[in-house]
Amino acid sequence: MTELRQRAAREPDAPPEDKESETEAKVDGETASDSESRAEAAPLSASTDDTPEVLNRALSNLSSRWKNWWVRGILTLAMIAFFFIIIYLGPMVLMIIVMCVQIKCFHEIITIGYNVYHSYDLPWFRTLSWYFLLCVNYFFYGETVTDYFFTLVQREEPLRILSKYHRFISFTLYLIGFCMFVLSLVKKHYRLQFYMFGWTHVTLLIVVTQSHLVIHNLFEGMIWFIVPISCVICNDIMAYMFGFFFGRTPLIKLSPKKTWEGFIGGFFATVVFGLLLSYVMSGYRCFVCPVEYNNDTNSFTVDCEPSDLFRLQEYNIPEVIQSVIGLTTVWMYPFQIHSIALSTFASLIGPFGGFFASGFKRAFKIKDFANTIPGHGGIMDRFDCQYLMATFVNVYIASFIRGPNPSKLIQQFLTLRPDQQLHIFNTLRSHLADKGMLTVATEDE
């Protein structure tokens, strides 16, 4: 022991830089670990009962199980009625509603992160979060505006400049936010600030990207907006109904109330619902025509000659089914076949968006994202499956439905120089003449 003490006394001290860095690492390490443990130990407050007093009084004699059933049912009908109203008001109102839902969902997710780390007073966190939301929306919707409002953009000089340099402006705006984040870094909160930086960007990826795809689907025709959303709503309702009355077998640990009976019953009910809704909507031009902007009236129009996708066709029924129903052929809209794919995804894959949200809420020990809708939680609680559905519909349209858009080609053609336009005209004329679709006059004539 004496030799060890003498040897330790003879050894030189560590360099000042090493001690300082070791102390700094210790401080930062303690701050990060302490913050994580404290955030984990202090769960967010559970959502309170925000059921309207009128319903509480009317349902006071019922058990909590049936009371919740009636509250959810009444407010579901109210939301469905509101959905019908905004559909009646037209595409522009639908786009505004989508934007409002996007902002509210972003607010709910960011608020959870802010509440978890609120005691640390992270500088500029909320300001930067909303700034990045603005930047990402400008990036996504800037090109959409150019595509669908081309004539209006070219007519107004400020809009034309914003459209021409859209991507450069978007990148510059993001760089400003990025530099602001770096300048806001505080020594004792490095890890937490990078947590929240990632939190914000993942939220933007989930919320803004999907809402952008929803609006893209809407421009393809309101039927591509209404049918997928309605299938998700139907599956949510029917899975709850089947699970409430017949549920016995738990489906997944993340959502203990979900049952196999509800999952399977919701699937079959949604497929039937999708077929019926598609049949009804396919007969109306206002639902099947692409949403286009009319420059003469400065309004959206949904008038066109329906494509083959929305015209009744005769299909042969498989022999196995013929013996059961007694029919050999059936008249259907081709879109109804596509609706089977949409309703199947909404029933089998869409719920995993809800399971993902359930896991997220369990991670932070909260019941709902917010208390916006009594009995249903926040807006994000209602749209967790819708965002996943929006991505599928957009990919499905791009893969199996959408073809070249003549109006967009003409818009691009009109922006070219006169000599480029003349070259394309001559090339197209020669191509059509070679196919025998156009008679080219000789120079003498």
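Glycine too: its Cβ is placed from the backbone N, Cα and C atoms.
What TrEMBL annotates here:
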type     : residues : note
COMPBIAS : 1-39     : compositional bias 'Basic and acidic residues'
REGION   : 1-49     : region 'Disordered'
TRANSMEM : 69-89    : transmembrane segment
TRANSMEM : 95-117   : transmembrane segment
TRANSMEM : 124-141  : transmembrane segment
TRANSMEM : 168-186  : transmembrane segment
TRANSMEM : 193-215  : transmembrane segment
TRANSMEM : 221-247  : transmembrane segment
TRANSMEM : 259-281  : transmembrane segment
TRANSMEM : 337-357  : transmembrane segment
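Across the candidate stretches 69-89, 95-117, 124-141, 193-215, 337-357, the maximum count of CB pairs under 8 A to the transmembrane segment (259-281) is reached by 337-357. Comparing 69-89, 95-117, 193-215, 337-357 for CB pairs under 8 angstroms to the transmembrane segment (221-247), the maximum falls on 337-357. Sequence-distant neighbours of the transmembrane segment (95-117) (same chain, 6+ residues past either end, Cβ-Cβ under 8 Å): 35, 39, 44, 86, 125-126, 129, 133, 192, 195-196, 199-200, 203-204, 206-208, 211, 214-215, 218, 364, 366, 369-370, 372, 378-380, 383.
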